[in-house]
Amino acid sequence: MSGIQTNTTVGPQYRGLLELVLSSIPITLPCLVFLYINGVMLFTLRSKPVLRETCRYILLYNLLFADDLHLTLSQLLYFLTFRIRLTYPVCGVLIMFSYLLADISPLTLVVMSLERYVAVCYPLRHSTVVTSRNTAVAIVVIWAFSSLNVLARLVLLLHFPFENLQTLQMTAMCSPQAMFLNPVSEQYDQVYTYFLFVSAGVTVIASFIGVTIAATSASTDKASVHKARKTLLLHLFQLGLSLLSTLYTPLFIAISAVVDRISALHTQIALYVVVIMLPRCLSALIYGIRDNTIRPILMYYLCCQRKFSVVLKEAEVST
């Protein structure tokens, strides 16, 4: 009898462990690869004076830094919620940090779009408007604005009567939706999300239109205009992906309700990689490949130092 009890106990535990390992591999491996690329990109942006002192690269560093922290936190939340049920305070702290980091990307993309607009439409004033000091102020404002959003969410959360709960242990997985403990929190989240992404989208589109109009001027550098337009379109695409990431949990819950457990697990992995992970890794890939200043230095530090040493020297001479 004791042998049967041991088998029935170990069997589900073994299956649960095996399921955790198999479901973690498709997520952990891409995450480690992307974190490595982003980490090398961050190191690259601090490796040369021309990259440390150029405003658009300073903004890119801020974007990558926040994306790396957000990706790491998302990975931590994935593993925690898969194995254990968190308490409301622990989940609340993790979700608030997630909100803080998630807002940095769209806000930084807005500032980067405005920088490209000034560079193309007002080239003579660019060096006086877009300075290292003004860029630092913009970054501080970005983090302060995101912190105010977290503070507002925290105030709404503290108004919930936790003393009426029998236990602080959560019955559902830790997610932003699980922390909507009253209707006001959910309404605030919807209003803030719409406001943030509509404002950011309008700003990027307006910058794109301004750059397009500037292309008709005979005195405008056509090559720089074409490159700026492509950059702004990529920024708009990144904004769309960032907005899509806010729908991860509702999409997963809706799909899980109509499919079996194995299909739900596969769906969760696919949604996580496409909706959560991919938007946080595009910046390094986009700028690492497209930017002529960054590309040779990035490739040098990534893996092929000897092969790209000559290219790197040529890039340093050209800059």
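These residue numbers are counts, starting from 1, taken along the chain as shown.
From the backbone N, Cα and C atoms, a Cβ is placed for every residue, glycine too.
Pulled from TrEMBL, these are the features on record:
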type	residues	note
TRANSMEM	20-45	transmembrane segment
DOMAIN	37-287	domain 'G-protein coupled receptors family 1 profile'
TRANSMEM	57-80	transmembrane segment
TRANSMEM	86-114	transmembrane segment
TRANSMEM	135-160	transmembrane segment
TRANSMEM	191-215	transmembrane segment
TRANSMEM	236-257	transmembrane segment
TRANSMEM	269-289	transmembrane segment
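Here the transmembrane segment (20-45) has long-range neighbours at 51-52, 57, 60-61, 64-65, 67-68, 71-72, 75, 78-79, 82-83, 265, 268-269, 272-273, 277, 280-281, 283-285, 287-288, 294, 297-298, 301-302, meaning same-chain residues at least 6 beyond its ends whose C-beta is under 8 angstroms from one of its own. Away from its own ends, the transmembrane segment (135-160) comes close to residues 55, 58-59, 62, 92, 96, 99-101, 103-104, 107-108, 111, 179, 181-182, 184-185, 188-189, 192 of its chain (Cβ-Cβ under 8 Å, at least six residues beyond either end).
Below 8 angstroms of C-beta separation, residues 102, 105-106, 109, 175-177, 193, 197, 200-201, 204-205, 208, 264, 267-268, 271-272, 275-276, 278-279, 282-283 of the same chain, each at least six residues beyond the ends of the transmembrane segment (236-257), sit close to that stretch. Residues of the same chain lying 6 or more positions beyond the ends of the transmembrane segment (191-215) and with a Cβ under 8 Å from any Cβ of it are 103, 106-107, 109-110, 113-114, 116-117, 120-121, 149, 152, 222, 225-226, 228-229, 232-233, 235-236, 239, 242-243, 246. In the predicted model, residues of the domain 'G-protein coupled receptors family 1 profile' (37-287) average a pLDDT of 82.
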